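Down below is the structure, laid out as structure tokens.
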Amino acid sequence: MTLMNKGVLYALLTAICWSTSGIFIKSINQSALVISGTTSLIGFIFIYGLNYKKIKINKKTMLVGLVQFMMGITFVIANKLTSVGNAIVLQYSSMIFILIFGCLERKKKPYLYQSIVIICALVGIILFFINEFSFDSMFGNFMAIVSGFFFGLQFYINSKAGTDTTSAYIAQYIISISVMIIFIVIKGINFNIRDFVLLGADGVFQTFFAALFFAKCIKLIPAFSANVICMSEIIFAPIWSLILFDERFTQTAFIGACVMIFALMLNVYMDYKIKTS
């Protein structure tokens with residue numbers, strides 16, 4: 001197998017690992033705070049154990065950590081209330097917020113292609129809410145968009161000088177674990193073997209294997225290729241939810257998902273074209 005093919009394989013494995021998040025969340029009978037805190041504990045053990053000499057906690061890393069915590073907790077809530085497919089696709093509304101943050105910083109209007117991306121993404125989002133009559137599903141969709149906002153804010157802040165991604169993850173884990181402990185002290189917790197195993201598997205897949213595969217793929221293939229392949233999680237996640245939970249997109253939500261994916265691919269392609277021209 002060539003190095004390029006290995007890189008593609010690692011990127012695909014990364015996407016598969018990422019795409020399992022909603023499946024685990026849906027299957028675990030615990031609150032969002034416990035799920036987030038437990039997986040963060042596993043992530044803390046792995047990442048801190050491998051990078052403890054490089055960790056630097058300051059105001060900026062704590063800010064990014066808080067943003068990432070909010071992104072994670074709202075995504076867990078979204079998966080609990082709406083379908084896995086809806087949650088993962090709507091979280092990618094993050095591209096809208098990234099573009100808006102960039103335009104506000106430059107104090108300039110978006111480029112034509114960025115305007116098209118924003119309009120397409122907004123149309124896609126609206127389509128997800130058509131024919132949704134359940135309050136829980138609508139609120140879950142809304143929380144997925146809120147998660148997308150924090151997802152975009154995370155990327156925006158991390159792009160600034162002086163931000164250390166690894167330290168920010170450690171800050172996020174500390175916040176998640178602390179909130180979970182407070183929740184358990186106040187509310188108590190009732191663990192069973194099934195939840196324990198699923199929480200452990202979720203933590204290992206999301207924080208260890210995904211990070212390992214991504215680190216390998218990014219060294220073997222161009223960042224653009226890695227980005228596009230890894231985004232296939234938005235295709236894998238609905239497939240797993242269909243197989244395991246018989247969750248299906250509504251007709252309008254399916255069209256909305258296609259529009260969102262088109263907007264996402266257009267944005268990635270145009271960014272790549274501009275950077276390489």
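From the backbone N, Cα and C atoms, a Cβ is placed for every residue, glycine too.
It should be emphasised that the depicted structure is a prediction, and the values quoted were computed from it without experimental measurement.
Features as listed in TrEMBL:
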DOMAIN    6-129  domain 'EamA'
TRANSMEM  32-50  transmembrane segment
TRANSMEM  62-78  transmembrane segment
TRANSMEM  84-104  transmembrane segment
TRANSMEM  111-131  transmembrane segment
TRANSMEM  137-157  transmembrane segment
DOMAIN    138-268  domain 'EamA'
TRANSMEM  169-190  transmembrane segment
TRANSMEM  196-214  transmembrane segment
TRANSMEM  221-243  transmembrane segment
TRANSMEM  249-269  transmembrane segment
Sequence-distant contacts of the transmembrane segment (169-190), meaning Cβ under 8 Å and at least 6 residues beyond its ends, amount to 30-31, 33-34, 36-41, 43-44, 47-48, 55, 57, 61-62, 64-66, 68-69, 72-73
Summarise the domain 'EamA' (138-268) as counts of helix, strand and coil residues per DSSP. 111 helix, 0 strand, 20 coil
Counts by DSSP class (helix H/G/I, strand E/B, coil) across the domain 'EamA' (6-129): 103 helix, 0 strand, 21 coil
